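According to TrEMBL, the protein has these features:
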- 1-24: region 'Disordered' (REGION)
- 1-14: compositional bias 'Basic and acidic residues' (COMPBIAS)
- 62-82: transmembrane segment (TRANSMEM)
- 94-116: transmembrane segment (TRANSMEM)
- 141-167: transmembrane segment (TRANSMEM)
- 179-198: transmembrane segment (TRANSMEM)
- 204-229: transmembrane segment (TRANSMEM)
- 289-312: transmembrane segment (TRANSMEM)
Amino acid sequence: MEKERHSSEKDSSHDASSTQDFNPGGLSLEEGASQLFGLFVVFDQPALHHAPDAAGGMGRHLGIFSCTMLIVGRIIGTGIFSTPSSILSSVGSVGASLMLWVLGFALSFCGLFVWLEYGTMFPRSGGEKVYLEAVYKKPRFFVTVIFAMNAILLGFTASGCIVFANNILIAAGHTAERWVVRGIALGVIVFVTVLHGLTPRFGIWLMNALSMFKVIILLFVVVSGWVVLSGKTHIKDPHLNFKDAFAGSSHSGNDYATATFKVLFAYTGWSNVNYVLNEVKNPIRTLKIAGPLGLSICAALYLLANIAYFAAATKDEIRHSGVTVASLFFGKVFGKTAQKALSVIVALSALGNVITVTYSAARVNQELAKEGVPLPFGNKFWASNWPTGKSPLPGLIIHLIPSIIVIIAPPPEVAYPFILDVEGYPAQIINVFIVLVTENSLPLLNLIQHSPYIALNQGIVLAPMEEAPSTQAFQSLAAVSRVLPRCGVIPRHSTIPETCKQSGRHPSAAVLFVFKYELVPHKVTLDDGTVVNVFSHNSKEE
């Protein structure tokens, strides 16, 4: 049976799973942040008490290695095998392309510092959900509902499943027919859901193994590039692309904005540990080590792999290679047999990315359910670690449903590029809102890290409006990207009476206000130890 702790909390009290209520090891908010920067951080929050709301599941079992692999496995997907050709096509020169990869690393590191700072202050699973709730406290549940709409509607891994299906069919020598691709992609996402839901420890082991596999493959590409540059292969003049590296560079700001977005998408994943901090051993120390280490490993491999590509093929060959730049590299260096092997490599890389993303997305869904976001069949089920008591299978199901819809609904050849843009563009809008508050809440010194990240996200949001192509596809992308983050705003904000907004009620406060009821939050501890925020309604006096 469930053990209920009725701590009836009125307007001034904190909700059960609020970010205002936790802190491992008795660290105060200022102490947690000062461990990262050695600074006293002024932040209007009370002492945190983290342990009760982080209970349940497998406990703290992820160490530095697993957290580093969680970041590496999330960052290294299929982008490094395909993106360099499109970036070169956008900016026009090898030198500008390489500089963008360096710039992408620097800007990603600025973003990482923002997430490290928040992660040390709020060491709890959920990522942006936790930080938005801490920053925008009133009206209560406002940002929670907005983020929930974005996380659930865009919280799918369909693109990785489609890439896996296409490459497996290529490796097997079969034609990638539409429903065959969809069938394989559906099998992948169902397999990953069952893997994490029923055998969580094996899922983590496989996730780490595939992350290491991707690192080894990129090291192989890098070393092969060094051999090519040494002149001991059949490649003629491997230094040709580096002699006049900036020749042909584009002068269009829109081209650089588009290319920068693609580079940053290839770096996406450096915040992955922040989503699962409830399961991390010594979370503050581990986060400070695993975050910079994982991102630095990926950045070094990315830059050196690009140099290897440019050493093995001419600029025109790479520009016209489409999404097969790695295939071009393997073909020119090792022959056609290696090109077929690359399809298997890309498929396994995509599978590893799907496993990693699904693992963290399920924890975010569980945190939303624990917070009290209205879901069918009640929040207790979706917040639980049913059926094993160790892994949130209900949270995985929330992730599974939109993934299935996106795999089936659009044609696979259209789905992949559209998914990439729709997943990434709204995230830049949300990132702007997350970090803008730091201008008033943190010392000016910390803005050294924050300002470039704020400017970057604002620039990416605004730059495509300049010289944007007037095509229906572009207009559809812009519309979807802007509408999705706002889906939770209209019902949550515009229809609620001002008294409810100021008092910080639940999203249903408008209806309850009319019928003279109020929602009272209290905590419920499930059999597996998970603490859930549930609401009961009390009659209110006139």
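Even glycines carry a Cβ here, placed using N, Cα and C.
Just so you know, TrEMBL annotations never went through curation; they're auto-generated.
Not measured: the values here are computed from a predicted model.
Stretch with the largest number of CB pairs closer than 8 A to the transmembrane segment (141-167), among 62-82, 204-229, 289-312: 62-82. Remote same-chain residues near the transmembrane segment (62-82) are listed as 160, 163, 204, 207-208, 210-212, 214-215, 218, 262, 265-270, 272-273, 276, 279-281, 286-287, 289-291, 293-295, 297-298, 301-302, 305, 322-327, 342, 345-346, 349-350, 352-353, 355-357, 359-360 (criterion: CB distance under 8 Å, separation of at least six residues from the stretch ends). Using a Cβ-Cβ cut-off under 8 Å and counting only residues 6 or more beyond its ends in the same chain, the transmembrane segment (179-198) has close neighbours at 157-158, 160-162, 164-166, 168-169, 206, 351, 354-355, 358-359, 362, 387-388, 391-393, 396-397, 399-400, 403-404, 407-408, 412.
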